[in-house]
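K.L.:
Okay, handing you the structure first.
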């Protein structure tokens, strides 16, 4: 039976309507996974050498114990965001003569096919085999491996259970991250140490290998709880996310913009009420850490803004890029309705500009905490911000008029490349290159601040020309509307 | 004359989906469009509403080409399919949004909605659901009610009776009839259900493979005539 299910799954993939898209997605996913596996392998086999380097003067075995719980805490949060529930595909089987237990085992088995259940193997197993066996003996090594696998299985099913009960929320993840960061800080200042705790747990396993079975027991328990829950709730209605009461909302703030504000409010609801768009927005916040990678002390001191331009443009304009790359397609499900209703196309385009401007302003304000690194960065951000709202918005919206790919908003968000076409990837090039090219000559002439002024001026001028650009894009939109609508109907 | 079709053609590849030489609809008429699947009804409606670019010819609404102006949107309301609904809104939000496009205040909208409590059968308003979570029939109701709310002079509905329960079908017919006598509303509807069409319409257009095969005023023999045609 299980193999029949799997063969149906395979068919559903190969025969799916947008096969091309999903294959491309799978290939990209495959590369992502390979990439992570490669990193995991390097980390795994490098661990015996890396640990002494990172934690100087400490016992690597102890440190290895220490990081295991950290890893799984982080793994748990990542899963909470990214792991998918394998449920919907079972609907056609529920009314057939198939024992519930079979369906449940299928769901459970399928849930194990996740990259999250692959990485720990590569990260932890090499060290176990190379060092633990040597230090504590083969039996202890086996129990180490069993413990680690058990924690992995525990995480896997706990996350699924939480997701099934739909008590998950992006806020929890953020809080969870904060808690982990808090512990890391406490660790750093030697107040409390999870690493010691983790070590304490695993040294117990090393000393009394049988203790490792405790993890297996807990994992088994979680597996059982999960299966029981499924058994009791194997109804389509209850398997999909729970319905809470939906309320009508009104964004008073946008009302002052009249008709344009109404359209912007409409789109704001679109963003907030769909997983996929919410995900895009959440990712924008995560990209705020880009600066930490690119803003190096030396570069800041040398005023080399060119090297930081990419990060600045990206951070302050991320919401424009992330949301804009699928522009108009977000509304593909009701595009006909928008066209046939009494909506002025100019207002429609203006609403997009308004939304972009608000989003970019918020994210730029958030990014201004980099001012603590150096106030110069604020100037850089200002220039990047002006460029983004002045010219970036125009680029994105112009390209949007050439995007005919329907976007299915009901599909999940993470690693979903449906609706992604060549345009989306090409978009990044001019978007990032233009400000760089504007700045480059001044950077080369060693006039970095003048470069920023010129870039800001460029953004300002474009901003002042917004009326013109609105007309320009509206015109283009009017020409393209049949083509867009046709593409979105597919 | 509210609608005039001149030499309207839509060609996909080498297949002509719609090919209407001339057609006009006068004010106050209730016109039914019948035809089998693939007859080109929806494509025709989409061209009426400027959602598809015709390969040839033009659609004139009150003498103006719908492709060139937006004026027709002031007095034309339509509901073809769920693609017209903004499905992530609650029904109330959707009605308020549509109302605002026609300068109706929130109070106007609720006053209007209160007249339709019977039509909604207590399932739409204050249901605490987004439109996407409704059944197809109820989504249909939302779409039709939103179209009627716009106080149109010209109403275009594609398969309005499909997915509706019998009570609502009857109520919808009553509403359409009364609007016609009250406001001289012009209605253009398509349907697969010959009973409904002959019941509510006073003129029937039969489309087959994009061509107008028949175009006649309804009389007591119409239903029989149509049934004979389709059983051949």
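Even glycines carry a Cβ here, placed using N, Cα and C.
Okay, these came from TrEMBL:
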TRANSMEM  A:21-51  transmembrane segment
TRANSMEM  A:63-82  transmembrane segment
TRANSMEM  A:103-132  transmembrane segment
TRANSMEM  A:138-158  transmembrane segment
TRANSMEM  A:170-189  transmembrane segment
TRANSMEM  A:201-225  transmembrane segment
TRANSMEM  A:279-296  transmembrane segment
TRANSMEM  A:308-330  transmembrane segment
TRANSMEM  A:351-373  transmembrane segment
TRANSMEM  A:385-404  transmembrane segment
TRANSMEM  A:425-442  transmembrane segment
TRANSMEM  A:448-469  transmembrane segment
K.L.:
Could you check whether the transmembrane segment (A:351-373) packs against the transmembrane segment (A:279-296) - three or more CB pairs closer than 8 Å, residues at least 6 apart in sequence?
P.N.:
yes
K.L.:
For the transmembrane segment (A:63-82), name the stretch out of A:21-51, A:170-189, A:385-404 with the most CB-CB pairs under 8 Å.
P.N.:
A:170-189
K.L.:
So, taking each listed stretch (A:21-51, A:138-158, A:201-225, A:308-330, A:385-404) in turn and counting its Cβ pairs to the transmembrane segment (A:279-296) that are under 8 angstroms, which one gives the highest count?
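P.N.:
Per the Cβ under 8 Å count, A:308-330.
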K.L.:
Counting Cβ pairs under 8 Å to the transmembrane segment (A:308-330), which of A:21-51, A:138-158, A:201-225, A:385-404 comes out on top?
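P.N.:
Top-ranked stretch among A:21-51, A:138-158, A:201-225, A:385-404: A:385-404.
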